[in-house]
Amino acid sequence: MEGQRWLPLEANPEVTNQFLKQLGLHPNWQFVDVYGMEPELLSMVPRPVCAVLLLFPITEKYEVFRTEEEEKIKSQGQDVTSSVYFMKQTISNACGTIGLIHAIANNKDKMHFESGSTLKKFLEESVSMSPEERAKFLENYDAIRVTHETSAHEGQTEAPSIDEKVDLHFIALVHVDGHLYELDGRKPFPINHGKTSDETLLEDAIEVCKKFMERDPDELRFNAIALSAA
């Protein structure tokens, strides 16, 4: 992904909520921390939940899995509803913003936008574009880039240098038309993880997150945040 490079966002609800507020999203839905994958910790997450973002390390093991998964889906096929809003990632370190766009775009009917919302405008203008066209559209969408840059400096840890290679990556897990989709702009298409519902989305998404952790048992750098009704 040569070309544009942004500063990475933290998987920190304060940062993501402030970012979305600046893009004109009404705070009737807010990101919250998921403190652990066990049922008693998941029970602390306010319901309903309409999306989960997972931050995870890109390791050699993961890259091997990603290649195998892609080849398997290409040979066996999968069902993906045309209702899924999916975009590719062409900007380095923009995965946090793309994860947020995926989370909001696939729950647009639940969201309230302020008048003149930058995010609402982006989603409306890109609704009929291909995933590749949406990626290009974001590259030239200065209002989102500037807001991302501001938010990247607002985290609890110091933002790395823009040239520093970052091996952490965000994906979004969302419910569309009765199925759980993993949306990752580094992948060629959405990944259908099977059936889900508004009521079981959090638990179903966390099962997918657990698989990421099981593939890399020596890694500790996993973090999940959930988009909950405020």
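Heads up, the Cβ atoms here are built off N, Cα and C, so glycines get one too.
Long-range Cβ proximity for Cys95 (active site, nucleophile), meaning a same-chain Cβ under 8 A and a gap of 6 or more residues, is found for Pro8, Gln89, His169, Phe170, Ile171, Asp184, Gly185, Arg186. Here Swiss-Prot flags Cys95 as active site, nucleophile.
Marked as active site, proton donor by Swiss-Prot: His169.
If you look up Swiss-Prot, you'll see 5-229 marked as domain 'UCH catalytic'. A mean pLDDT of 93 is what the model gives for the domain 'UCH catalytic' (5-229).
Counting every protein chain shown, the Cβ of Ser130 (phosphoserine) has 12 other Cβ atoms within 10 Å. If you look up Swiss-Prot, you'll see Ser130 marked as phosphoserine, on the strength of similarity to another entry.
Residues annotated as region 'Interaction with ubiquitin' in Swiss-Prot: 8-13 (among others).
Per Swiss-Prot, the feature region 'Interaction with ubiquitin' maps to 219-224 (among others).
Among the features that Swiss-Prot reports, site 'Transition state stabilizer' is placed at Gln89, with the record citing sequence analysis. DSSP assigns Gln89 (site 'Transition state stabilizer') to coil in the three-state reduction, outside any helix or strand.
In the structure as shown, the Cβ atom of Asp184 (site 'Important for enzyme activity') sits within 10 Å of 24 other Cβ atoms. Annotation source Swiss-Prot lists site 'Important for enzyme activity' at Asp184.
Shown for the region 'Interaction with ubiquitin' (219-224): DSSP residue counts in helix, strand and coil, namely 0 helix, 2 strand, 4 coil. His169 (active site, proton donor) counts 20 other C-beta atoms within 10 Å of its own C-beta, drawing on all protein chains shown.
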